[in-house]
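What TrEMBL lists as Mg(2+) binding site is ASP49, ASP88, GLU119. Annotation source TrEMBL lists 3-methyl-2-oxobutanoate binding site at ASP49, SER50, ASP88, LYS117. For GLU186, the entry in TrEMBL reads active site, proton acceptor.
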Amino acid sequence: MMTQARKKVSVSDLASMKGKEKISVLTAYDYSTALICDRAGVDILLVGDSAGMVVLGHPSTVPVNMQEMLMFCGAVSRGAKRAMIVGDMPFGSYQPGTSTAIENAVQFIKGGCDAVKLEGGAEIADKVKAIVDAGVPVMGHIGLKPQTSSLWEGYRLQGRTAESARRLVQDAQALEKAGVFSIVLEMVASEVAEVVTRKVSVPTIGIGSGPGCDGQVLVLHDLLGIYEDMKPKFVKRYAELARPILDAVLRYTQDVKAGKFPEEISTFHMSPEELEKFRGKNKK
Ligand SMILES: Nc1nc(=O)c2c([nH]1)NC[C@@H]1CN(c3ccc(C(=O)N[C@@H](CCC(=O)O)C(=O)O)cc3)CN21
Ligand SMILES: CC(C)C(=O)C(=O)O
Ligand SMILES: [Mg+2]
């Protein structure tokens, strides 16, 4: 008998959650935290290009490349048993053309991801369709698109005017038609996110887009309180871990300086016989 494949959250599981059960999504970038998030029952782990900011220390997500993303994806995939893993395609990995987009999407799947995410609406629908046709599930991402917003107008609320709200609905529908299994709505006015959620059949995942979305996503380091360079209004800190980490490292450093670490319990010894021989030889 074949061993049963691990029970993973699938595209069809997510589809059937729309309107019934909210979808919990978090970012993850490494094995140890992926393992914890998976154990907590997070449905989707997004290996976000936000790693460029919170892990690599860049001022935006723009500098992150494929090689870096694939390393994070491999680590997260080894930690997640149940959660679906979505790889965030970095800036430059899908802009050059459809075949480049397919090649890089396939690299994410080979690297352990179950799906990929691309920023953009109607203008990238052809690339989304091509990736889906190649057999790779795609998550859309509209509203605030950090990869390009950082180069143009900065990180601002989207869908503030009736015109831009209508465009968001059209973008969502274009992505749905192109075959996405889900759409991230980032920093979209709550009223607009609600309408988009009603108008598409696939689940919407909100970040800073109000409670009307089918699911929610946050950056793990924001939720844990260990990324302090910025605090968007939509972030809720479920813990303030910067402080306890600082305290632990302070105490460790004090102990090292004072010669109080390591203690006997953390120290290894030779056997008495070998120690005797060692001392004898050393005497000479
Ligand atoms: N750590 C982290 N968390 C994120 O949520 C995140 C990233 N990194 N990197 C990629 C993008 C960038 N994001 C951001 C960053 C800043 C604001 C921000 O400053 N927002 C202002 C409102 C600005 C306005 O209304 O025009 C705020 O006060 O929330 C929003 C989204 C969300 N994403
Ligand atoms: C915040 C989410 C949606 C994201 O794209 C990221 O973490 O990079
Ligand atoms: Mg991203």
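From the backbone N, Cα and C atoms, a Cβ is placed for every residue, glycine too.
With respect to ligand 1, the binding-site residues ASP49, SER50, ASP88, LYS117, GLU119 contribute SER50 as residues with a C-beta closer than 6 angstroms to one of its atoms, given in sequence order. A simple Cβ count within 10 Å picks out one of the binding-site residues ASP88, GLU119 as the most packed, and that one is ASP88.
Highlighted here are the recorded positions (ASP49, ASP88, LYS117, GLU119, GLU186) whose C-beta falls below 6 Å from ligand 3: ASP49, ASP88, in sequence order. The most densely surrounded of the recorded positions ASP49, GLU186 is ASP49 (count of other Cβ atoms within 10 A of its Cβ). In this structure the alpha carbons, written CA, of LYS117 (3-methyl-2-oxobutanoate binding site) and ASP88 (Mg(2+) binding site) are 5 Å apart.
The 6 Å Cβ screen around ligand 2 retains SER50, ASP88 from the binding-site residues SER50, ASP88, GLU119, ordered by sequence position.
Annotation note: GLU119 (Mg(2+) binding site) sits in a coil segment as assigned by DSSP. Using CA atoms as reference points, the binding-site residues ASP49, SER50, ASP88, GLU119 were checked against GLU186 (active site, proton acceptor), and the closest is GLU119.
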